[in-house]
Amino acid sequence: MVLSAADKGNVKAAWGKVGGHAAEYGAEALERMFLSFPTTKTYFPHFDLSHGSAQVKGHGAKVAAALTKAVEHLDDLPGALSELSDLHAHKLRVDPVNFKLLSHSLLVTLASHLPSDFTPAVHASLDKFLANVSTVLTSKYR
C-alpha cells in the first residue's frame, strides 16, 4: 500500500504530536493488546505482563523506537526495518497476525490520547503506515 504525500504528512504530524510520550504509548498499546488478544501473551512467557511492569514498559519503548525510525524513513521502510524483520522472522518467529493486532491496539491508543488530532484522514494514514510496517516486518517470512 503506497503512502501518498498527504499520508506521509499526516503520519509525520501525528507522530510529532506523540512526542515524548512514544514509549508510554507503546507500552500502553502492548498492555491493550495483551488484554484484548490474550493469545499474544505466548510470545512473552518470561515477562511480567502486569499493568505498569518494567518489562512491558521496556518493550513498549522498543516498539516506539522502531516506529519512530519508520516515520523518519517513510520512503525506505524495508531498509530501515531490515534488522527488525530478520529478528521477528528468524529468531522470534512471531506469527504475522500479531502485527495487525498490535497495529490495531496502537491506533486505539493514539485515538484515545490525541482525540482532536485523530481525524478520519489521519486515522486512514496511520492505518496504511502501520500496515506497511507490518508488511515489511513479515516480508522475510517467505
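Backbone N, Cα and C atoms are what each Cβ position is placed from, and that goes for glycine too.
In the three-state DSSP classification, H59 (O2 binding site) falls within a helix. Taking Cβ-Cβ distances under 8 Å and a sequence gap of 6 or more within the same chain, the neighbours of H59 (O2 binding site) are G26, A27, L30, F44, F47. Sequence annotations record features per position, and here Swiss-Prot assigns O2 binding site to H59.
Sequence-distant neighbours of H88 (heme b binding site): residues of the same chain at least 6 apart with a C-beta under 8 Å from its C-beta are V94, L137, T138. Annotated heme b binding site per Swiss-Prot: H88, in sequence order.
Marked as domain 'Globin' by Swiss-Prot: 2-142. Taking the domain 'Globin' (2-142) as a whole, pLDDT averages 94 in the prediction.
The secondary structure of S4 (phosphoserine), as reduced to three states from DSSP, is coil rather than helix or strand. The Cβ of S4 (phosphoserine) has 10 neighbouring Cβ atoms from other residues within 10 Å, across all protein chains displayed. According to Swiss-Prot, the phosphoserine annotation covers S4 (among others), on the basis of similarity to another entry.
Neighbour count (other Cβ atoms within 10 Å of the Cβ, all protein chains): 15 for K12 (N6-succinyllysine). Under the three-state DSSP scheme, K12 (N6-succinyllysine) falls in the helix class. Among the features that Swiss-Prot reports, N6-succinyllysine is placed at K12 (among others).
For K17 (among others), the entry in Swiss-Prot reads N6-succinyllysine. Under 8 Å, Cβ to Cβ, and six or more positions away along its own chain, K17 (N6-succinyllysine) finds L114, D117. In the three-state DSSP reading, K17 (N6-succinyllysine) counts as helix.
Summarising the annotation, Swiss-Prot assigns phosphotyrosine to Y25. In sequence order, V18, G60, A64, L106, T109, L110, H113 are the residues near Y25 (phosphotyrosine), counting only same-chain partners six or more apart with C-beta under 8 A.
Under the three-state DSSP scheme, S36 (phosphoserine) falls in the helix class. Within 10 Å of the C-beta of S36 (phosphoserine) we count 12 further C-beta atoms, all protein chains included. Here Swiss-Prot flags S36 (among others) as phosphoserine.
Under the heading N6-succinyllysine, Swiss-Prot lists K41 (among others). The 10 Å shell around the Cβ of K41 (N6-succinyllysine) contains 13 further Cβ atoms across the protein chains shown.
The phosphoserine annotation in Swiss-Prot covers S50 (among others). A simple way to gauge crowding: the CB of S50 (phosphoserine) has 10 other CB atoms within 10 angstroms, across all the protein chains here.
Cβ environment of S103 (phosphoserine): D127, L130, A131, V133, S134 lie under 8 Å away, each six or more residues apart in the same chain. What Swiss-Prot lists as phosphoserine is S103 (among others).
What Swiss-Prot lists as phosphothreonine is T109 (among others). A simple way to gauge crowding: the CB of T109 (phosphothreonine) has 23 other CB atoms within 10 angstroms, across all the protein chains here.
Taking Cβ-Cβ distances under 8 Å and a sequence separation of 6 or more, the neighbours of S125 (phosphoserine) in its chain are L3, A6, D7, K8, N10, V11, A14. S125 (phosphoserine) carries a helical DSSP state (H, G or I). Positions annotated as phosphoserine by Swiss-Prot, on the basis of similarity to another entry: S125 (among others).
Swiss-Prot lists T135 (among others) with the feature phosphothreonine. Within 10 Å of the C-beta atom of T135 (phosphothreonine) sit 15 other C-beta atoms, taking all shown protein chains into account.
Its own atom aside, the Cβ of T138 (phosphothreonine) has 19 Cβ atoms within 10 angstroms in the protein chains shown. Feature annotation from Swiss-Prot assigns phosphothreonine to T138 (among others); the stated evidence is similarity to another entry.
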(message) Measuring Cα to Cα, how many Å separate S50 (phosphoserine) from S4 (phosphoserine)?
(response) 39
(request) For K41 (N6-succinyllysine) and T135 (phosphothreonine), determine the Cα separation and express it in whole Å. (result) 21
(request) Specify the nearest of the modified residues S4, K12, S36 to T135 (phosphothreonine), where nearness means the distance between Cα atoms. (result) S4
